[in-house]
Amino acid sequence: MELGSTPGGAAGVANAGATRDDDASAISVTAAVSERVYKVYKRRWFGLVELVLLNIVASFDWLTFSPVASQAATYFKTDETAVNWFSTCFVFANVVVAPAVIYVLHLGPKLSISTSAALLLVGNWIRYAGCHSSESGIYGLVMFGQILTGAGQAFVLAAPTRYSDMWFTNRGRVGATALASLANPFGAALGQLIIPFWVQDSSDVSSMVLYVSIIGTVCALPAFFIPARPPTPAAPSSVTPKLSLRASVRVLASRLEFWLLFFPFAVYVGLFNSISTILNQVLLPYGYSEEEAGIAGAILIVVGLVVAAAVSPVIDRTKAFLPLIRVAVPVAGVALLLFVWMPETRGGGGVAGPYLAMALLGAAAFSLLPVAVEFLVEVTHPVSPEVTSTVSWSAGQLLGGVFIIISGALKSGEEAEPPSNMKRALVFSAVIGLAVVPLPLCLGLFGRKEQVKLRRVVSDEAVGRAGGVEVYRDADPET
């Protein structure tokens, strides 16, 4: 636990003019103006755990039907393309509510988390209302519930950077953001792994949706009881005046470093959404079972989570954001390229090929995710964290929906060998993934090293020096 104080002095903020290289709206904290004590509280873990649970539930909702697309198609008396639209509309709902997410998060993370919980609760039970019969479901009613849960996900998907900025210091923000952000793909992994075991026949779809609704209810209810904000700031940057939403948008639009990382982040989030949705349709034509496809999806995410869990604390201590980005992005691109041929190795190598490609992609992409969103906050500070996070995640969700539609259109016909294979969709994913690899490799080059400095970390250190802040390891004074 960290405790900072400003003995005999003051900590505060003052605006300084922006430099010629920075946007004119940028603010730098340079002096202490009033006494302030900085503390972190154990209660911050309550809100963080709730963020994790809601992100898991939202991902379960997103991939409720994808791992069992054939049974779901039979249950709803439609085809697999229509089932894919459950996932597609879910991610599009994320994009539609993005402006509302930015506004609500700007007011505070608790309001955003509570809004998400309410939408997930209502959406899940509407979905079950459309699936209460074991013989067939009401497609339109389930789609409406799916859209509500998609909107609910948006309010917690973008919340981790805002929450960690308010409740954690720069020694723990990456880890906190990683824990909450990676809960989203972890939920997807659980869905890929568990749902195929719940649905052995189309008549099981109804009970499966009921199970998901019950889990969602249990996880969502605590959201209404989390604290709104810490009694005292966690760090100087927590109370640094943030730019207005309009000024934040102007700064991001003109900041090259934002775009160099924004595009790869959005593309890889989109590709993850797309591949997770169609993975069983990619593997089944080559003789893999739905359980094996589910395990492949779980490997993608579990390996990624393990690597990210190991990397995030190291980044918190070393602040080596750029080196990791420059390694992880090319590795993710190579993994996408390898996966183009891996489904075809079923006859000679069994399941090893797809599992290996998924493990490599997961390790690279998942270690990159929390580092990228935190790095975007650092290099654009004092832009409000919710702006960079929501814009980046919404773009990824939008691309995910587009990629799912394109992948469905690229699916081969019954005359292909094997019938209905999706190799062209994998080629498309690899080309898109490799196309954005050079962008983040340019960060800090060509005389722009000053533009990738960690502004929020520098802000904390500057205020600490100005106000004589000392940082200790201590017990939570509130416990």
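Each Cβ is built from the backbone N, Cα and C atoms, and glycine gets one as well.
Since we're looking at a predicted model, the values are computed, not measured.
Feature annotations, reproduced from TrEMBL:
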TRANSMEM  45-65  transmembrane segment
TRANSMEM  85-104  transmembrane segment
TRANSMEM  111-130  transmembrane segment
TRANSMEM  136-158  transmembrane segment
TRANSMEM  179-199  transmembrane segment
TRANSMEM  205-226  transmembrane segment
TRANSMEM  256-275  transmembrane segment
TRANSMEM  295-315  transmembrane segment
TRANSMEM  324-343  transmembrane segment
TRANSMEM  355-377  transmembrane segment
TRANSMEM  389-410  transmembrane segment
TRANSMEM  425-446  transmembrane segment
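When each of 111-130, 179-199, 425-446 is scored by its Cβ pairs under 8 Å to the transmembrane segment (45-65), the top-ranked stretch turns out to be 179-199. Looking at 111-130, 136-158, 256-275, 355-377, the range that has the most CB pairs within less than 8 A of the transmembrane segment (389-410) turns out to be 256-275. Only residues 6 or more beyond the boundaries of the transmembrane segment (295-315), in the same chain, are considered here, and those with a CB under 8 A from a CB of the stretch are 67, 174-175, 178-179, 182, 185-186, 188-190, 192-193, 275-276, 279-280, 283, 288, 321, 324, 351, 354-355, 358-359, 361-367, 369-371, 374. If you look at the transmembrane segment (85-104) against the transmembrane segment (324-343), you find fewer than three C-beta pairs under 8 angstroms, all six or more positions apart, and that falls short of contact.
With Cβ pairs under 8 Å as the measure, the transmembrane segment (205-226) is packed most heavily against 111-130, out of 111-130, 136-158, 324-343. Ranking 136-158, 324-343, 355-377, 425-446 by CB pairs under 8 A with the transmembrane segment (111-130) puts 136-158 at the top.
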